[in-house]
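Undergrad: Below are the structure tokens for one structure; questions will follow.
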Amino acid sequence: MGQAFKHILFWLLFLLLWNVHDLNYNLSFLENLRTNAIPFLLYAILVYANLYFLIPRFLLKRRLAAYMLFLGCSIILVTLASSQYLSFHFRDIHLSTSEFFLSLKGRIAVITEVIITLCLSMTLFLVDEWFKKERLIAEIRQEHSDLALGLLGNNQINPHLLFNSLNSIYTVMDKKITTEENSDHIFIKSDGMVIKVFVDDITHIETANDYVYINTTSRDRYLTLVSLSNMEAKLPEDKFIRVHRFYLVGVRHVKKIEGNLIHIGKTKIRISRALRKHVYESIIGDKLIER
């Protein structure tokens, strides 16, 4: 089932149930549809802003306070806009209903609808993502099983050999999946605590005698007793690169390169002359567009 079809089906069912519910107050389905059109559009905008902007930008990066702040403000804005519209819509139809949507009870009713819509959409989104992950894992396992059977060819199959081969493949795959799931973070000792740091949040690492400073996107800075070489060995080599004997930088956080300087946010890091060619090739590669 295509992604666009799923979204269309969700909103059609949502709008249908919403209008059926409003038949308790107005028996005209089409009139309910006209009444709910603008609030429906506002709710949809909020849902997609939450799923495709607020969650990836803040929640998935563990910036919970910022996520809650922006989401809360968005909910309030949508509630106020919907209440104002509904009050205006019913002004010449039913005055008491118009006044209701401007009252505290009316706004509570609207904000309840907004929150229910958000919760329902997030639940379905997470369930869909879980099914995608499970389907991907199943496909990988099937591909490895087919490969093992293909390698056996038309030769006579020894049941014990087949069992051992499949078992070995499963073990390797299980370890790989576990490793991939755990490779998004590391643990370090700092200030007498063991702290979890997400790999993608690390902007750069710098030496400080026998210690290193780990700098992150949230501007947290951790001092830990470990060598820069050890950190380089533990972190994914496709995400980090040594640019100087004293610095290791996260490739995804490099904003620009100016001569022998790398810019990461407002921080400038010097590139070692011996590593300059390797740094340019690793970060820029064949993606430089020039005349």
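A Cβ is built for glycine as well, from the same backbone N, Cα and C atoms used for every other residue.
Automatic, uncurated: that is what TrEMBL annotation is.
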Undergrad: Given the ranges 108-127, 228-247, which one is assigned the annotation transmembrane segment in TrEMBL?
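TA: Among 108-127, 228-247, the range TrEMBL annotates as transmembrane segment is 108-127.
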Undergrad: Which is it, of 1-22, 67-88, that TrEMBL names as transmembrane segment?
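TA: That would be 67-88, per the transmembrane segment entry in TrEMBL.
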Undergrad: Near the transmembrane segment (108-127), which same-chain residues lie under 8 Å Cβ to Cβ, leaving out any that are not at least 6 residues past its ends?
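TA: Same-chain contacts beyond the ends: 10, 14, 39, 43, 46-47, 50-51, 71, 75-76, 78-79, 82-83, 86, 101.
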Undergrad: What are the DSSP helix/strand/coil residue counts across the domain 'HTH LytTR-type' (186-258)?
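TA: Secondary-structure breakdown of the domain 'HTH LytTR-type' (186-258): 13 helix, 40 strand, 20 coil.
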